[in-house]
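The annotation transmembrane segment is assigned in TrEMBL to 25-48, 60-82, 102-120, 140-162, 205-225, 237-258, 270-289. Per TrEMBL, the feature domain 'G-protein coupled receptors family 1 profile' maps to 41-287.
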Amino acid sequence: MTAANHSQLTGFVLLGLSQIWELRLVFFIVFSVVYLVTVTGNLLIVAVVTSDPRLHTTMYFLLGNLSFLDFCYSSITAPRMLADLLSPKPVISFGGCLTQLFFFHFIGGIKIFLLTVMACDRYVAISQPLRYMLIMNRTVCGLLVAASWVGGFIHSIAQVVLTVQLPFCGPDKLDNFYCDVPQLIKLACTDTFVLELLMVSNNGLVTLMCFLVLLGSYTALLVMLRIHSREGRSKALSTCASHVAVVTLIFVPCVYIYARPFRTFPMDKVVSVLYTVVTPMLNPAIYTLRNKEVIMAMKKLRRRQKDLLGPLEP
């Protein structure tokens with residue numbers, strides 16, 4: 001089929017997570033709580049890192065950026081999903097679909113590059129402790145974060161440019177709760193074999209390569225930690241374990257979704273929910289539950305708020 005023989009669709013029907021009304025209500029309640037916890041947890045980390053001078057270091061600057069990105073990432077899909085769960089026939093316009101696709105891959109791309117920067121930061125901190133402040137100074141850190149944003153933009157705009165050229169003439173049912181490349185390509189009324197190869201190369205292979213590089217760097221760090229003292233080794237292992245957990249939660253689902261042909265598998269929606277809704281909620285807990293400095297900063301921020309509200313209480 002060609003676009004010349006068929007009219008272009010103006011929107012898509014989102015099939016969502018389920019067509020059973022009672023189950024959709026359960027999903028709405030559960031994911032409303034998850035989204036509330038996600039927003040609260042990530043914005044709290046941003047506030048703590050920003051307000052406490054002791055956390056004005058490279059590691060916590062990067063952590064604050066990751067928390068802000070997790071807040072943005074979940075907000076791209078979760079509010080729309082919650083509204084659609086209560087809608088009898090959720091429809092998204094073609095322009096709205098492309099907008100969601102752009103920001104989804106924009107923020108997701110930044111997160112992937114930022115996690116790579118965080119791995120480099122930990123590697124320098126452990127391998128070059130005396131030169132760490134010289135190597136990872138504010139200028140270098142700022143440039144690396146800016147490069148992550150530029151990389152995310154280039155990655156995302158490539159997705160949109162390739163997708164917007166596809167002819168969509170029916171069917172109009174998108175088998176997901178948000179707009180993404182794998183589901184959109186399956187609705188195109190043209191041969192998409194070459195485009196699928198480009199998308200898999202852009203999404204899947206890049207993600208897989210970054211994941212392997214990160215695993216290699218953390219493996220090298222673990223080997224390097226053998227020469228450190230027990231106290232230093234314990235602290236470094238705790239930090240690296242948090243990073244590895246976050247990296248695994250983000251990269252493994254992405255590799256599953258994008259590093260294969262765009263076909264439908266039974267676990268697709270479960271994996272999509274995991275890395276778009278659940279993982280952004282877990283990241284603050286992973287980083288803060290075992291981080292004494294962040295916990296102390298949170299207690300300090302809470303005491304400061306009590307002091308400010310104290311005179312107002314009767």
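Cβ atoms are placed via backbone N, Cα and C, with glycine included.
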Segment proximity, the transmembrane segment (25-48) to the transmembrane segment (140-162), 3 or more C-beta pairs under 8 Å: no
Same-chain residues near the transmembrane segment (60-82), Cβ under 8 Å, at least 6 residues beyond its ends: 16-17, 28, 31-32, 34-35, 38-39, 41-43, 45-46, 49-50, 92, 100, 103-104, 107-108, 110-111, 114-115, 117-118, 121, 141, 145, 177-178, 246, 276-277, 279-281, 283-284, 287, 293-294
Interface-richest range of 25-48, 102-120, 205-225, 237-258 toward the transmembrane segment (270-289), CB pairs under 8 Å: 237-258
Contact set, same chain, for the transmembrane segment (205-225): CB under 8 Å, 6 or more residues outside the stretch: 112-113, 115-116, 119-120, 122-123, 126-127, 155, 233, 236-237, 240, 243-244, 247, 251-252, 254-255, 258-259
Segment-level pLDDT (mean, integer) for the domain 'G-protein coupled receptors family 1 profile' (41-287): 85
